[in-house]
Amino acid sequence: MLQVSVIGGGSWGTTIAKVIQDNFKNRSISGKTFLWVYPEVVNGVDLSESINSTRINSKYLPEIVLPEGVTATSKMSDAVKDADILVFAVPHEFLDGILGSIISDKGAVVKKECIAVTLAKGLFFEEKKMELISARIKRMLGVEVCTLMGANIAGDVANGLFSECTLGYENESIKKTVVDVFNSKHFRVAAVKDHGAVEVCGALKNVVAVGCGIVAGQQQGVNTIAAVIRNGLLEMVRFCRKFVKSPDNLSENDETIPRVFFESCGVADLIVTCSSGRNYKYSKLASEKGISIGRIEKEEMNGQKLQGYSTIKDLLAFIKGNGVEKEFPFFVAICNSATSDLSAERIVDAIRESSQ
């Protein structure tokens, strides 16, 4: 029997657990799904116990009934010890803590043949260096890792509405196993051998979405938003060319857009995120009200962190640390606006001055 353990019981992690277990049932695959949730009490009941008794994640996905075969737990060892596939669905800023708890828990021994799949959107920046989430998981757990990203709104996927996603992989031998677990009639998985670009798309599209929100909040119009998306895409491609090893072997000066950017993780996810995602919505609200994004996080998001805003602060330091501000003027403009005065004009000026 195949065991898949989803680490992270938020709306997306819960949705993915449902997708996997539905797949097991509909395709007559012998499998079970564990859902690790952070230990917390909701309405006087432990969340994992509540999920197991009601089949509903009342806090993060309250209108969706989970299929039999999904077992929630707040004990990391229960989720990890027999897992054939570990799916990481936690915000990237919490990943080091999660990996550390797995390593330190003597009961949470990861099988040598286990495959990890990361759904986390973000990048690890340290001074002048950058590390992919998949690389960190592989380094800390010693397992093969692939990346799953795409234009996916959790509620739509959970309700069975058709969606696409992109599986970025490096090792050919694990591709089929992972695709078979996730791919279904309603959730199409396209695999590309370029996990680095897939991850960068997942992180940097949130930066572009923040820029779109700032511009939209000052009523610049859809034409301007389209220009923000276009310029953002160009610098995403340029960033991949310069900092991520890609299997297409094109030089960093080649402006040809790789195929991966036309997959769900690329243009499609960028459009969805820049029109309806949280990074767009809350950046727009901050821009409309003329208050900082940090204040919006505290007052409107109950202290939750906006992924794009977190990435922006690290990205700006990384760009400056590597002395490449002139190569990424648009990202620099978005970062400076988001962390200071929320100036839409600064972002528009960067487009005006672009040679593209």
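Every residue gets a Cβ built from N, Cα and C, even glycine.
Unlike curated entries, TrEMBL annotations are predicted automatically.
Annotation comment: TrEMBL describes 3-173 as domain 'Glycerol-3-phosphate dehydrogenase NAD-dependent N-terminal'.
Around the Cβ of R278 (NAD(+) binding site), 16 further Cβ atoms fall within 10 Å across all displayed protein chains. In the three-state DSSP reading, R278 (NAD(+) binding site) counts as helix. Look at TrEMBL and you will find G8, G9, G10, S11, W12, G13, F94, A154, R278, K305, Q307 tagged as NAD(+) binding site.
Mapped onto three states, the DSSP output places K121 (substrate binding site) in coil. The feature substrate binding site is assigned by TrEMBL to K121, R278, N279.
Here the domain 'Glycerol-3-phosphate dehydrogenase NAD-dependent C-terminal' (196-348) returns a mean pLDDT of 91 for the predicted model. Here TrEMBL flags 196-348 as domain 'Glycerol-3-phosphate dehydrogenase NAD-dependent C-terminal'.
The Cβ neighbour count for K205 (active site, proton acceptor), using a 10 Å radius over every protein chain in view, is 31. Residues or ranges marked as active site, proton acceptor in TrEMBL: K205.
The Cβ of Q307 (NAD(+) binding site) has P91, H92, K121, G122, N206, R278, N279 as same-chain neighbours under 8 Å, each 6 or more residues away in sequence. Other residues of the chain with a Cβ within 8 Å of the Cβ centroid of K121, R278, N279, the substrate site, are N206, A209, T273, G277, L306, Q307, G308. Within the set K121, R278, N279 that the record links to substrate, no two Cα atoms are more than 13 Å apart, and one pair reaches that distance.
Looking only at the binding-site residues G8, G10, the densest Cβ neighbourhood within 10 Å occurs at G8.
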